[in-house]
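So the structure is just underneath, and the comments pick up after that.
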Amino acid sequence: MADVPGYLRTCLDMGKIAFLAILVSTGIVLQILACALFNNWWPMLSVIMYVLLPMPLLFFGGSDSTSLFNESDNSWINAAKFLTGASAVGSVAIPSILKHAGLIGWGALALDLSSYVVFLVAILGYICIGDASDNYYSYI
């Protein structure tokens, strides 16, 4: 992209951020629909896990975002990876347990899990944008 004019490059970069914002808002809408369509607010429990998911990396990972993907001897980084993985499993386990207990139906389970998948795609998209060669998004 070195030969692309600056104004076009900025427009494309803002398009990527807008796409990520649309993904996140779609995930929020799916989460609310999982609750509102079936008049059952139990699926909102998985929102707690969505909020807790990035916390270990924020507290223990520091400013190095690549520490999640690299092998490390630092015990704090390893603890952050473990707690993040446990939160990710909990994000899928909570709706599954609620369905098994009979508190939510199949539709709410499908919407809740699809919300999780949309959030996951948004996070992976953010990581891919953050790994760009120009490090333009390092301030976000």
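Even glycines carry a Cβ here, placed using N, Cα and C.
Keep in mind that what you see is a predicted model, and the values were worked out from it rather than measured.
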Worksheet item: Using Swiss-Prot as the source, do GLU71 and GLY130 end up on the same side of the membrane?
Response: yes
Worksheet entry | Secondary structure composition of the topological domain 'Lumenal' (99-108) [DSSP: H/G/I, E/B, coil] | 5 helix, 0 strand, 5 coil
